[in-house]
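What Swiss-Prot records for His37, Ser54, Tyr125, Ile126, Asn127, Ser142, His211, Pro212, Glu213, Thr228 is iminosuccinate binding site. According to Swiss-Prot, the feature [4Fe-4S] cluster binding site maps to Cys99, Cys185, Cys278.
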Amino acid sequence: MTTANDRPEEASKLSTEELLERIVALKKELNAVILAHYYTVPEVQQAADIVGDSLALARAAEDNSADVIVFAGVYFMAETAKILNPGKLVLMPDDHAGCPLADSCPEAEFRAFREQHPDAIAITYINSTAAIKALSDITCTSSNAAHIVEQIPPEQKIIFGPDRNLGTWLSKKLDRDMILWQGYCYVHDAYSEVYMIQAMAKYPDAELIAHPECRDEVLRHASFVGSTAALLDYTVKSPSQSFIVATEPGILYEMEKRSPGKTFIPAPKDPANPRSVCTQMKQNTLEKLYLCMVNRSPEITVDENLREAALKPIKKMLEMSA
């Protein structure tokens, strides 16, 4: 039986199986839904009701009958869930799990950036804070970014941020000039062309697949570029039996689960910049997931005026990608 004063030292004595059992019971007690990103640890994905990329999770946050949303991801994801569900309790296993990409775009600096380009609309990656969303016209994810940009008239100038690599990929794919904010995801930006070529030589039968947050020098060698969900879908449908996967390796858990006969090779690290794991996503442990449900904390809150402003570009995204 769980109580609101369960302590971390007590939860740490529970086995994975015991934690999973208690989480199932708590879901019923709270009428909760657990959402987890593909980059979280396998046991958290195992506990989740829905595992997905940013777009799938945003849709799941909007379309559910739960009273409580437990979001295992990074802060902007749980914040987005709260923006979409002001009347629901939104919990997060670790509210210190931030996103350096989102943090690379401060509100005051982005506001000034927009003021430098008054005739441009701002399309911002969902990997951004509520304050940045509130300054934007449309939000997007890597799953729907190309589809959204394609709907903007060609004569309309576009500011895109905060991820410069995703913006560069979109510009080349769509032959569309955009004004780019110079942020990046440290995980994807760390992959280098030299080590990718070496991996392709070492595994000649493997297809290189990559997330568009990678640098252009890496993407040009990939046989397929897509969002986390698109990469997963590609590996299921492709006749290839082995893949070099240039994205955060948390996705390999789901890839191996869906295609148990195939081989998935994490893209190699550059020794000079070996940050190929999102440490913030990994802060969401099964123990923290359990404790946040027991204690109904940490709770995610958003100022109502900010929430209303940030909701508009998110709703616009969902409408344009329906």
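A Cβ is built for glycine as well, from the same backbone N, Cα and C atoms used for every other residue.
Positions of Swiss-Prot features highlighted on the structure.
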| residue | record | contacts (Cβ under 8 Å, 6+ apart) |
| --- | --- | --- |
| His37 | iminosuccinate binding site | Val51, Gly52, Asp53, Ser54, Leu57, Ala72, Gly73, Val74, Met77, Gly250, Met281 |
| Cys99 | [4Fe-4S] cluster binding site | Val74, Tyr75, Phe76, Asn127, Gln280 |
| Tyr125 | iminosuccinate binding site | Leu101, Thr139, Cys140, Thr141, Ser142, Ala145, Phe160, Gly161, Pro162, Asp163, Leu166 |
| Cys185 | [4Fe-4S] cluster binding site | Pro100, Leu101, Asn127, Asp163, Asn165, Glu213 |
| His211 | iminosuccinate binding site | Ser142, His188, Val225, Gly226, Ser227, Thr228, Leu231, Ala246, Thr247, Glu248 |
| Cys278 | [4Fe-4S] cluster binding site | Tyr39, Val74, Val187, Glu248, Gly250 |
Over all shown protein chains, what is the count of other CB atoms within 10 A of the CB belonging to Asn127 (iminosuccinate binding site)? 28
